[in-house]
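These come from TrEMBL:
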DOMAIN    107-310  domain 'Ionotropic glutamate receptor C-terminal'
DOMAIN    117-181  domain 'Ionotropic glutamate receptor L-glutamate and glycine-binding'
BINDING   Pro190, Thr192, Arg197  L-glutamate binding site
TRANSMEM  237-258  transmembrane segment
Amino acid sequence: MNTVVIISIGTQFMHIALFHQAGYLNQAQWDGLTGRIVLNKTDGLRKEFNLDLISLKEDGTAKRAADAASRPTKLWTKIGVWNSYTGLNLTEMIDSKNITDSLANRTLIVTTILENPYVMYKKSDKVLYGNDRFEGYCLDLLKELSNILGFTYEVKLVSDGKYGAQNDKGEWNGMVRELIDHIADLAVAPLTITYVREKVIDFSKPFMTLGISILYRKPNGTNPGVFSFLNPLTPDIWMYVLLACLGVSCVLFVIARFTPYEWYNPHPCNSSSEVIENNFTLLNSLWFGVAALMRQVSSGVMDLMLVKRGL
């Protein structure tokens with residue numbers, strides 16, 4: 001993949017910005033890594049300088065340890081110049097070849113690790129060889145990518161059976177180590193994306209965290225009213241509750257009139273008194289029904305009759 005990079009040194013300008021208001025450096029000139037540095041006296045910006053535009057080669061990030069010392073490889077080419085007066089001037093057209101074209105008709109070594117249901121041994125009554133030995137989600141994904149991009153692949157299990165971790169000496173193991181050492185071109189596995197791993201290898205888009213998100217309208221806040229405590233139930237339900245409470249109280253009043261157990265002598269000391277009273281008046285019956293509905297003990301009325309308890 002070709003990339004255009006503009007090389008400049010930012011630390012020089014950082015120091016310039018710190019002292020710009022004092023005006024000490026506006027008239028100074030010195031040589032930097034990008035050439036002669038001359039500042040504009042009015043605004044303090046740099047003037048009269050050129051920047052080289054370079055294009056990285058496809059193997060720009062690869063380093064061959066075998067011949068790096070004897071024959072260093074030039075990893076980039078100059079394709080143009082940017083001038084503070086004339087602007088951009090391209091001397092060579094950028095190769096727009098897509099990175100996917102370089103994968104066509106290539107055979108990639110793919111490292112992976114056994115982990116259900118991503119990579120598994122395929123169950124068969126026959127002896128299987130090569131890529132046919134494995135199945136799972138990662139293998140299906142790899143097969144679909146090969147059909148789209150036109151490459152072939154050879155799946156191999158990681159030699160030490162590990163995902164990839166760094167020891168105290170900074171050395172990696174597992175699939176990460178095989179990618180660093182160019183033993184494998186690609187790792188297809190449920191490999192967790194971490195900060196330390198991203199320093200040494202590149203990751204694709206995660207395929208396990210692309211969940212479904214639900215958007216809903218945020219409700220408008222309203223001030224509670226006096227009867228906000230009635231909102232959990234509809235007005236019809238509250239009406240049915242009141243009617244049921246009133247009906248139960250009426251039935252309780254009628255039953256208390258018929259049963260002899262609710263009539264008592266208001267003057268227990270006078271056993272010959274023929275005056276008897278009933279505590280379950282219509283008002284007391286209604287109060288008893290409301291107290292039972294609110295799960296509160298009625299202090300003035302003691303209901304001992306089995307029929308009324310069931311009611």
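Backbone N, Cα and C define each Cβ position, glycine as well.
What TrEMBL says about a protein is an automatic prediction, not a curated fact.
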Give me the non-local Cβ neighbours of Thr192 (L-glutamate binding site): same chain, 6+ apart in sequence, Cβ-Cβ under 8 Å, ordered along the sequence.
Tyr163
When you measure from the Cβ of Pro190 (L-glutamate binding site), how many other Cβ atoms are you left with inside 10 Å?
18
